[in-house]
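Peer 1: Residues or ranges marked as region 'Disordered' in Swiss-Prot: 1-46. Residues or ranges marked as compositional bias 'Low complexity' in Swiss-Prot: 25-42. Per Swiss-Prot, the feature ATP binding site maps to Asn90, Tyr515, Arg611, His639; the stated evidence is sequence analysis. Under the heading Mg(2+) binding site, Swiss-Prot lists Arg422, Arg452. The active site, phosphohistidine intermediate feature in Swiss-Prot is assigned to His482; the stated evidence is sequence analysis.
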Amino acid sequence: MTEAQTRTEPSESSESSEAVAPAITSAADSAPEAPPATTAPAIENPLPEDRYLNRELSWLDFNARVLALAADPSLPLLERAKFLAIFASNLDEFYMVRVAGLKRRDEMGLSVRSADGLSPREQLRRISERTQQIASRHAHVFLDSVRPALADEGIVIVTWAQLDDAERAKLSTYFHEQVFPVLTPLAVDPAHPFPFVSGLSLNLAITVKHPDDGGQHFARIKVPDNVDRFVELPARGDSPGVVRFLPMEELIAAFLTVLFPGLEIVEHHAFRITRNADFEVEEDRDEDLLQALERELARRRFGSPVRLEVSDDMTESMLELLLRELDVAPGDVVEVPGLLDLSSLWQIYSVDRPGLKDPPFVPATPSAFGERETPKSIFSALRDGDVLVHHPYDSFSTTVQRFIEQAAADPNVLAIKQTLYRTSGDSPIVNALIDAAEAGKQVVALVEIKARFDEQANIKWARALEQAGVHVVYGLIGLKTHCKTCLVVRREGSTIRRYCHIGTGNYNPKTARLYEDIGLLTAAPDIGADLTDLFNSLTGYSRKESYRNLLVAPYGVRRGIIERIDREIAATRDGAEGRIRLKANALVDEQVIDALYRASQAGVQVEVVVRGICALRPGEPGFSDNITVRSILGRFLEHSRIIHFRAIDEYWIGSADMMHRNLDRRVEVMAQVKDPRLTTQLNDIFDSAADPRTRCWELGSDGHWTALPQEGHSVRDHQISLMERRRHP
């Protein structure tokens, strides 16, 4: 499993930057909108100033929920180790982006306060306090629970002191042949300045003593990141089936005298630094965007430090030296008992012990597309009606991937246009687009090369597509293209028909097995016309005046959603049963939150299911007492965005979260789902999430998340229930 598969998309950089917006409009800007309802009357009760929760602390609460899964003894053991790794990777990215952005604003003297009234410095202080708590909890869940449980199951992480002489002799051979040649001990003295320490690298800080004059010097060794973190030991004859691992830093520490011959090793400690990765490309209309991005990627390596993790046995003098030389503030130090960088537990997760993992699940193929062994033409199926796919319960490879591959191979297909935000290393989607271009089809790929931490991969794919003859567009100046859309143009007799896919998740077959997402496959003429207009806006200079069934950011998603909330309010006041159900990764945008508060005041029942950040404060009498907020975490990463307005009877799916970055600085697409067969599927998802027995966390008005159901009550798992439905429809 790759890092990209575990990414939980915690954040982007500063939310305050302005975007240069290209000519894209949406349904909210146009006449053919659904008929507006009467304006909702003014609310008598004003909204209080303290109505928002802090987004940064809310994100840390999200990661604490991930940690709660790692601590849950009812989960398979290696899945618990996986959640420890995910927690660590998440926290790394949070510091690289969110904390880095706050530090920059604080250092520049920018006094802009967060929506809940905190200055950057106040937020940094609270983040530090909260991080110390959950980082300590993270380490102890591993040390006191998961590591001993792994040992009981025959997966043992040992120390050097636990090895016998024969094992040490074998490891000595391994060290000298495989590890020693790639190590570079770096001493610090007047002739050797303090070495550059790359971000997220694991290092040993060492004090050596010269026997002649007793002089002590600091040295640093980087633990190589191109070898396994854990060295697997040969099996013992007296312990069949037991797998044992030694951390690489322990192996290196055991042979420091080989690296520093003739010197006394006084002390050694592990440390790890996190650097600022919150860089924005300075986009100039007169400069090649690809060149600008590559220049920025080179700078990212040298970002300023934002966190220093050290082993908790590090001496005060060693810590002071690191703080001084790395220019790290004492408040940015995290002392860790035990191993640093538990993201490397992915290696332990890969041990072949299926009994310690979730049982395998084979995704289904929607009946409209035939059986896996006897597939039906996607095009003929879509002519019969729209199809809603729900990954990973519905197979990505036999639905969306097959749609694109069939389009590439079909001689009647004239053109394929697609957005690509993140895709897999060996992408069948990209290969299909290349095949289509080489077969003479018109192929357009909008590759978002600014997708954070996937920039290099996307640059590689963009160049491969260009070499095959694909028309590649490298995103838009000032915006990220985050929408998930594909348009296929096909000749059928004397007519042209357009087939479309609009989704909530990336065109990535690997993450599609791990991320929960929704996709709409349709041959509806109005959606085909909408996507044609959208791609013309993305690739050219046209300005679309109206969309029929889409809301498109950066102009129309927020406006369209708030308009529909207002219509729901008006319908409720006219006697309808008002209800808004919203599923998203994050709910931060103040304008959307305030609209939901107004809905609650008007008697509309609001049910929010959010995976991560939530700045809305539910359950407060007078303004949010009709709002509930739940969070569901589990085997799959909840990633779909769905909205249902009951009184006005509208369902929408799409790529946009309710965040400033999505609504103001990205191209996002939300599509209306109209077919009652498909809206029933969406209702089933909401009903399952809202079931009182569903394992989840519920947000209180004080910002505290409570695990539900309470002990002693019947429990069901939302994701397992959806898997069972696919097995037994």
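Each Cβ is built from the backbone N, Cα and C atoms, and glycine gets one as well.
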Peer 1: Using Tyr515 (ATP binding site) as the reference point, find which of the recorded positions Arg422, Arg452, His482 has the shortest Cα-to-Cα distance to it.
Peer 2: Arg422
Peer 1: Taking 10 A as the limit, how many CB atoms besides its own sit near the CB of Arg422 (Mg(2+) binding site)?
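Peer 2: Summing over all protein chains shown, Arg422 (Mg(2+) binding site) has 21 other Cβ atoms within 10 Å.
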Peer 1: Identify, in sequence order, the residues in the chain of His482 (active site, phosphohistidine intermediate) that are 6 or more apart from it along the sequence and have a CB within less than 8 Å of its CB; answer 'none' if there are none.
Peer 2: Tyr421, Glu448, Ser655, Ala656, Asn662, Arg666, Val667, Glu668
Peer 1: Provide the three-state secondary structure of Asn90 (ATP binding site) computed with DSSP.
Peer 2: helix
Peer 1: Of the binding-site residues listed here (Asn90, Arg611, His639), which is spatially closest to Arg452 (Mg(2+) binding site) when Cα positions are compared?
Peer 2: Asn90
Peer 1: Indicate the candidate from Arg452, Arg611, His639 with the smallest number of other Cβ atoms within 10 Å of its Cβ, considering only these binding-site residues.
Peer 2: Arg452
Peer 1: Hey, how far is Arg611 (ATP binding site) from Arg422 (Mg(2+) binding site), Cα to Cα, in Å?
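Peer 2: Rounded to the nearest whole number, the Cα-Cα distance is 20 Å.
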Peer 1: Which whole-number value in Å describes the distance between the Cα atoms of Arg422 (Mg(2+) binding site) and His639 (ATP binding site)?
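Peer 2: That separation, Cα to Cα, works out to 14 Å.
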Peer 1: Taking the residues the record says bind ATP (Asn90, Tyr515, Arg611, His639), how far apart in Å are the two Cα atoms that sit farthest from each other?
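Peer 2: Across Asn90, Tyr515, Arg611, His639, the widest Cα separation comes out at 16 Å.
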Peer 1: Determine the Cβ neighbour count for Asn90 (ATP binding site): the number of other Cβ atoms within 10 Å of its Cβ.
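Peer 2: Neighbour count, Cβ to Cβ under the 10 Å cut-off: 24.
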